[in-house]
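Peer 1: Quick one: the structure is below, and I'll ask about it shortly.
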């Protein structure tokens, strides 16, 4: 009971991020034990994400027999997830646990841009991987002519270019607050806050571009793959000794995409509806869903 009373008192009487600033955000202090536990959990998650994806990168780069179009896509995905663990997670950990941002406005924009860029790159890489599996299973005789190393490289470049344009372009050009500048300046902006505020229009565009459209494409492709694999399994087995290997890889990637949808749906649902309900989603819930999404990058190498 005493612990509950202390926590309640802390949250009822917030501190300020910057004591001598008239525009300071409120700082909600977790109990020391809670902060230590959260730092340990978040740090372990970041380290596991880095190590897991680094092993994937080293494996693909080191072994020449793994230098295939499919593995190039997996390599690109691992790079995105590695950067999530090494570049995005640590500052997010400080922001989430300290409930304030002490790294300055410029780095806030850079961090938010990297967050959007790398998360989008991870999603688009999964989308391209599903396309690779589509040709491997549904059009096995056209696969090597369609999914060449050059074609794969072009798709990877497009993936990262689109992701960086959405991430850095939206935030540094302040397109995310377009149409809601007054509300943002009066109700959201303060010293010590680093959140990706989005107007209704920005939330719709970004949610569609970064999640809903790629997710829909991936689901459609995999439903087609499952249908074709079921209809042609006997014929493919008889003419292609590689079928079992391709089928195993397809099942593995299907699990990866299933995990991705499970981990990111909560955040993007909140992201889409929040502007339409007066930005009333609690910041703590947004933080929780952010981290659930980050854990997708932790699970991908597994």
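Just so you know, glycine gets a Cβ as well, placed from its N, Cα and C.
Bear in mind that TrEMBL entries carry predicted annotations, made automatically and left uncurated.
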Peer 1: Pick from 10-29, 110-129: which range has transmembrane segment per TrEMBL?
Peer 2: 110-129
Peer 1: Select from 180-201, 202-223 the stretch of residues annotated by TrEMBL as transmembrane segment.
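Peer 2: The range carrying the transmembrane segment annotation in TrEMBL is 202-223.
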Peer 1: Pick from 253-277, 278-302: which stretch is listed in TrEMBL under transmembrane segment?
Peer 2: 253-277
Peer 1: So if I exclude everything within five residues of the ends of the transmembrane segment (150-173), which remaining residues of that chain have a CB under 8 angstroms from its CBs? That is, six or more out.
Peer 2: 69, 72-73, 76, 109, 112-118, 120-121, 124-125, 128, 131-132, 196, 202, 206, 209-210
Peer 1: In the same chain, which residue numbers or ranges, 6 or more beyond the ends of the transmembrane segment (253-277), come under 8 angstroms Cβ to Cβ?
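Peer 2: Tertiary neighbours of the transmembrane segment (253-277) are 122-123, 126, 129-130, 133, 180, 198-200, 203-204, 206-207, 210-212, 215, 218-219, 222, 285-286, 289-290, 292-293, 295-296, 299-300.
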Peer 1: Below 8 angstroms Cβ to Cβ, which residues of this chain, lying six or more residues outside the transmembrane segment (110-129), approach it?
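Peer 2: Counting only partners 6 or more residues beyond its ends, the transmembrane segment (110-129) has Cβ contacts under 8 Å with 70, 73-74, 76-77, 80-81, 83-84, 87-88, 91-92, 103, 152, 155-156, 159-160, 162-164, 166-168, 170-172, 194, 196, 206, 209-211, 214-215, 217-218, 253, 256-257, 260, 264, 293, 296-297, 300.
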